[in-house]
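Asker: Take this structure, written in structure tokens, and hold onto it; I'll ask about it next.
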Amino acid sequence: LAALERQVFDFLGYQWAPILANFLHIIIVILGLFGTIQYRPRYIVVYAIWTAIWVTWNIFIICFYLEVGGLSKDSELLTFNISRHQSWWSENGPGCVRKEASMSGIKGLESHSYISVIGCALEYRYIEVMHSSFQILIALVGFVYACYVVSVFTEEEDSFDFIGGFDPFPLYHVNEKPTNLLFKQTYLLISPAGFSGME
């Protein structure tokens, strides 16, 4: 649900790189849930590996918006340099008011030019950082849960009894008496002494 919420706001802001990352994340979360329901440890392992990549991606997003290591939040990196769009929260954050001014000489729908945003209770980059931090927290919980589920499934497979295959006292066992004892019992039954004893 958190990934879907983030996907919606990234779509509204035309942030193409996060849109693709969120889409992959949603697919792999569904795969992990399917693996849990259907007892498929391999799918859960794929999810666990993806959570490590997802944490790395979200750390990059945090560094991007906090402008760590030469990154700039004003760059077009997240839109693949296709457009000059920024995060949807940059204009629509809590308390934000957009100020627009008309451009002279241009008529039609695009006759307004965005000037500035004022009055924001929280700067948009911090909202994005909180989103990414929350995703990291959920991913870490998911990773621990995935490891636990895989270990439980593995223990169940190891302790499964294949008709007494791993049981030291199997239910279906063969009479393991030595053959010479069997012949001796047969001889006693057939011999005249055996018949006389039976009478």
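From the backbone N, Cα and C atoms, a Cβ is placed for every residue, glycine too.
OK, TrEMBL features for this one:
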type	residues	note
TRANSMEM	16-37	transmembrane segment
TRANSMEM	44-68	transmembrane segment
TRANSMEM	134-153	transmembrane segment
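Describe each of these features in terms of where it is and what it packs against.
Answerer: Packing against the transmembrane segment (16-37) from elsewhere in the chain are residues 3-4, 6-7, 10, 43-44, 46-48, 50, 54, 57, 61, 77-80, 82, 142, 146, 149: each is 6 or more residues past its ends and has a CB under 8 Å from a CB in it.
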Asker: Please give the sequence-distant neighbours of the transmembrane segment (44-68): residues at least 6 beyond its ends with Cβ less than 8 Å from one of its Cβ atoms.
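Answerer: Residues 18, 21, 24-25, 28-29, 31-32, 35-36, 77-78, 87, 125-126, 128-129, 132-133, 135-136, 139-140, 142-143, 146-147, 149-150, 153.
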